[in-house]
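> Sharing the features that TrEMBL gives for it:
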DOMAIN    1-222  domain 'tRNA methyltransferase TRMD/TRM10-type'
BINDING   108, 128, 129, 130, 131, 132, 133  S-adenosyl-L-methionine binding site
Ligand code: SAH
């Protein structure tokens, strides 16, 4: 898979590409990452990449011409443009993108990018959430990381498919996990996890997932097909916590 990242700040990627899941994907040649310094496509002696907004407004806008110069002489993969006003990125979308052979990412900086770049070159406009960052470097890194997890670099493939937001997670958030020691600072690993009764362990984990999703993500919770047992779990949870915290 080829990933092109078109950025004004190529140095940003020096450390994240040398380690972790992206580093592994690069080492194992599962991903061919191409960090493009868009400054090289700037205009004039000063390699100008941005300009004032027509109609007035604060800040500078990245110009169309730097992208035109780049795309006139380079192949374009499936092209994503990052903007807080794009469609929110989901695990489903990441999985879909991980099957593409070539992805090109357009990153904004300053106040954003001349709209004509989106119109001409973007196949999709992606937002990573309802907040505004100073540039597209972190969103692009985030996407490259999430895509790399599907490129067969993780030891245990199952760990990808059972994660929160994956199909095998039944749409629920992941249950809490523990490792050794069995007890520390007066906190014990739940007993059911210490014995190999897989049916009981599965039931316990489902219950923890149900409660966590109920507590943290009512939007996801409202879409789950609940079993009678799930409803009981929530009921017991509410009863237990009623006195401690009324605002669940
Ligand atoms: N004026 C713009 C914000 C520009 S932020 C607006 O109000 O919509 C500068 C750049 O950072 C954007 O062009 C985009 O590439 C990136 N960026 C900031 N927040 C982002 C988010 N939530 N998702 C994706 N990209 C984001």
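Each residue, glycine too, has its Cβ placed from N, Cα and C.
Any TrEMBL annotation is an automated prediction that lacks curation.
A description of the local structural setting of each listed feature is requested, covering burial, neighbours and distances.
Within 10 Å of the Cβ of residue 130 (S-adenosyl-L-methionine binding site) there are 7 other Cβ atoms, across all protein chains.
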> If you check the binding-site residues 108, 128, 129, 130 one by one, which have a CB less than 6 Å away from any atom of ligand 1?
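Among the binding-site residues listed, those whose Cβ sits under 6 Å from ligand 1 are 108, 128, 129.
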> Same chain only, sequence gap of 6 or more: which residues have a CB within under 8 Å of the CB of residue 108 (S-adenosyl-L-methionine binding site)?
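Expected: 62, 81, 82, 83, 135, 136.
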> Measure the Cβ-based neighbour count of residue 129 (S-adenosyl-L-methionine binding site), defined as the other Cβ atoms within 10 Å of its Cβ.
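Total other Cβ atoms inside 10 Å, all chains included: 11.
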> For residue 133 (S-adenosyl-L-methionine binding site), what is the tally of other C-beta atoms lying within 10 angstroms of its C-beta?
14
